[in-house]
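The domain 'PA' annotation in TrEMBL covers 98-186. Annotation source TrEMBL lists signal peptide at 1-37. What TrEMBL lists as transmembrane segment is 214-234, 262-279, 285-309, 321-348, 354-374, 381-404, 440-459, 471-493.
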Amino acid sequence: MAFPAPSSSSPRRRGRGLAYLLVSVLLLASRVPGAAGTDSEFEDGVSPKFPGCDNPFQKVKVTYWVDGDERSSLTGITARFGEVLPATGSDGDKRKAVVPAPKTGCAKSSAPLASSIAVAERGECTFLEKAKTAESGGAAALLLINDEDGQVLRVDLQKMVCTQNDTVPNIGIPVVMVSQSAGRKILSGMDGGAKVDILMYAPEKPSFDGAIPFLWLMAVGSVACASVWSFVVVGDEDKNAPTLGGEEAADSEIVELQTKTALVFIVTASLVLLFLFFFKSTWSAWLLVVLFCLSGLQGLHYVASTLIVRACDRCREAKVALPVLGNVTVVTLVILPLALIFVVVWAVHQNSPFAWVGQDLMGICMMILVLQVVHLPNIKVATALLVSAFMYDIFWVFISPFIFKKSVMITVARGSDEGPSLPMVLKMPKEFDTWNGYDMIGFGDILFPGLLVAFSFRYDRANGKDLTDGYFLCLMIGYAFGLSCTYVGLYLMKSGQPALLYLVPSTLGTIVTLGAKRGELSQLWNAKV
């Protein structure tokens, strides 16, 4: 069945303010890496290994009790040297925490350490010297507190290694480091003479990650749904869903990206990324949350209102005259307060175990709206945008560590303990993982290829093509294949993957190859849809 040609009336229009807000979200989303790496693997192929100092780095779960009251588990990382921790808590030993004197643990402690876990601060001497001193004092393990804020796993990892000048003894106790903020929690628990017990173990990553198939379905489904939304749900393109402010603004318009705009887009995204890398703070994280909430509110309203109007055509015309606002549709009066309540509840409880459901719902609705407002007119602009984004991803993930000592994109995307977590991602909890972490995919890895997929759908409609001889179905298959390759790469490389590395060739490469084979490349290159 061929797609019907679009009507001659103007496409669905939104206000300029809304359009620019959504473009801003698209810009910010472009800095998020495609998939989160496994949280239990830290091998980088660079950290030195020597006999007696060649342990694999392990992510450690540090559980502690204050006077018998169990507190939230903390996270640490093991050293290259020392005894390997057990994989389960049942195989470990709960031991009393003792702060050595001096507290840096660089000299023999005047406080008894026998059979305890020595909790020492970083500084004044090497990691090896601290470990030797703690072991000679009878400690069963050494827990070091980093001297930097943020999670130890997210601030240079602070890997405890040996150098060629070190004489590596056979350290027989585990050595673990936690962040400064985590260490403060343990030390504060010991205030007033309270007894603190600690249990440390290093859970292994499960072989099967059940969250990935669901995340894959969400991403592929979002692209497909957003591409066909105007045709399937909105219907005739001259029928507009209710807006947030009543009547349509006379100067509202679709944002049509151009070649220069696409290039400026990537340059600006790089500058934003560098700014957040060097000046990341709580306020910048909250700025992203506010932008996400505003765009999520717009997205929820748009999706809900178009669905209601689709089911009840008479609801489109029902309006109420309000002071200042003028004529406001009844649908807006009903949907907008409910959407606002939903967004506020999510913002207040965004750290709860089930907040990911609200974040994903707002994110999907927002991306559906973005792909109705922001359009690629042809593959000339698509090539400029996607190739730039492709190089952007590769540079800031793989090349930036050689310049900035760490991956700029992954460092910024992971954030720190301070402030809210990054909201510009779809996320799914790892139900089979002891760490109860999340698999994630950035909005940019859905929106950027989604712009091209949505273009292919409009192009097929404009040229009377069906699913068999058009481009839309092929690009959807290409996107699904590219995303699958992303997760295969994630599994094989054990580290975060820039999804556009796989998605750009599988989508842009598909339409260019098919266009050349069908003799329609020139038409696709200069199209105006």
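Heads up, the Cβ atoms here are built off N, Cα and C, so glycines get one too.
Note that TrEMBL annotation is computational and uncurated.
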Legend entry - Interface-richest range of 285-309, 321-348, 354-374, 381-404, 440-459 toward the transmembrane segment (214-234), CB pairs under 8 Å: 440-459
Legend entry - the domain 'PA' (98-186): DSSP-derived helix, strand, coil residue counts: 17 helix, 15 strand, 57 coil
Legend entry - Model confidence over the domain 'PA' (98-186), averaged pLDDT: 83
